[in-house]
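What follows is a single structure, and I will ask about it in a moment.
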């Protein structure tokens with residue numbers, strides 16, 4: 001049976017990088033693509049950034065590939081993650097030969113809790129002077145992330161780091177840390193605890209101290225973006241939002257309105273997200289081919305302006321397709 005992939009270009013450069021990734025997927029497999037819409041322009045036209053039809057398509061598809069959203073990002077990506085019941089956001093941050101990186105030895109994977117924390121939407125404006133935010137952390141969600149992390153590092157004998165701020169947020173981050181460490185201990189997986197602010201310093205000084213980092217929602221968002229600065233920028237970071245029966249894949253970068261429409265957006269992060277999608281659908285050989293092609297182009301060129309080159313999105317995509 002042909003697998004169904006929903007593609008949502010979204011706003012800004014999403015409309016430029018998603019077609020590039022679709023061309024790559026077509027080059028390595030036989031998929032049925034269903035295009036859906038979401039984002040700022042959809043809200044202007046219909047009054048809602050994420051139509052129910054798009055939400056339903058993502059919930060029912062074998063996998064979904066999303067580009068970017070602008071001002072309506074929170075109204076689009078958070079519900080889409082809910083649609084696939086995504087409990088973990090997987091964010092690799094890797095430096096590639098040929099790319100000018102602050103820390104070329106960087107090779108990290110962030111496993112970020114994806115349903116709770118300060119992104120769970122419980123904000124209130126109580127007066128002209130006071131707004132509040134409720135942070136939600138449950139043992140069950142923390143354990144589910146930890147179980148995934150144990151599987152990710154190969155189970156017994158593996159290891160990962162737990163980044164938290166339990167010395168200050170004792171109840172919430174304390175609960176997260178305790179749950180993650182307890183699951184790892186039960187599975188025979190070694191853990192190292194690191195305070196998230198200390199991690200930010202240490203990873204800049206020597207990223208080889210770390211490999212797989214398990215974090216609460218906000219910390220994972222911030223720390224993985226920091227890691228992007230070590231490897232050459234957000235244009236290189238893919239991500240996967242994994243649920244029990246569905247998944248959503250997206251580049252970490254945003255809609256980049258400053259360059260949207262110029263045809264110079266770096267498609268690497270989106271194409272690498274497509275490689276993660278292939279892994280998820282058990283097409284590991286094809287995923288490896290895609291990653292190899294991207295790495296070859298990053299090493300030898302052509303490169304988009306964000307990486308010091310003058311190539312267009314189409315030029316880079318064509319070079320990747322040639323290698324496939």
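Heads up, the Cβ atoms here are built off N, Cα and C, so glycines get one too.
Relevant sequence annotations retrieved from Swiss-Prot are reproduced here:
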BINDING   81, 91, 112, 197  substrate binding site
SITE      119  site 'Important for catalysis'
SITE      165  site 'Important for catalysis'
BINDING   197, 221, 225  Mg(2+) binding site
BINDING   254, 255, 256, 257, 258, 259, 260, 261, 262, 263, 264, 265, 266  NAD(+) binding site
Sorted by position, what residues of the same chain at least six away from residue 264 (NAD(+) binding site) have a C-beta under 8 A from it?
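When sequence neighbours closer than 6 are ignored, residue 264 (NAD(+) binding site) has 304, 305, 311, 312, 313 within Cβ distance under 8 Å.
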Just checking the recorded positions 119, 165, 258, 260, 262, 266: which sit within 10 A of residue 197 (substrate binding site), CA to CA?
165
I'd like to confirm something. Which of the binding-site residues, 91, 112, 256, 260, 262, has a Cα closest to the Cα of residue 225 (Mg(2+) binding site)?
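Nearest in space to residue 225 (Mg(2+) binding site), counting only the binding-site residues, is 91.
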Just to verify: the residue among 81, 112, 165 with the fewest other Cβ atoms within 10 Å, which of the recorded positions is it?
165
List the residues in the vicinity of the Mg(2+) site, defined as same-chain residues other than 197, 221, 225 with C-beta within 8 angstroms of the site's C-beta centre.
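Along the chain, the qualifying residues are 196, 200, 218, 219, 220, 222, 223, 224, 226.
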Relative to the Cα of residue 266 (NAD(+) binding site), which of the recorded positions 91, 112, 165 has the closest Cα?
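For residue 266 (NAD(+) binding site), the closest Cα among 91, 112, 165 is found at 91.
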Checking the contact step here: among the binding-site residues 91, 112, 254, 256, 258, 260, which have a Cα within 10 Å of the Cα of residue 119 (site 'Important for catalysis')?
none
Output, ordered by sequence, the same-chain residues six or more apart from residue 256 (NAD(+) binding site) with a CB under 8 Å from its CB, or 'none'.
12, 13, 68, 265
Taking every protein chain in this structure into account, which of the binding-site residues 197, 221, 225, 258, 262 has the most other Cβ atoms within 10 Å of its Cβ?
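In terms of Cβ crowding, the pick is 221.
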Which one is it, among the binding-site residues 221, 258, 260, 262, that lies nearest to residue 81 (substrate binding site) by Cα separation?
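Given the candidates 221, 258, 260, 262, the nearest one is 221.
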Return the residues near residue 254 (NAD(+) binding site), defined as same-chain residues 6+ apart in sequence whose C-beta is under 8 angstroms from its C-beta, sorted by sequence, else 'none'.
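In sequence order, 12, 68, 69, 70, 73, 234 meet the Cβ cut-off.
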List only the single closest residue to residue 258 (NAD(+) binding site), chosen from the recorded positions 112, 165, 221 by CA-CA distance.
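The answer is 221.
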Could you say whether, by DSSP, residue 254 (NAD(+) binding site) belongs to a helix, a strand or a coil region?
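The residue in question, residue 254 (NAD(+) binding site), is coil (DSSP, three-state).
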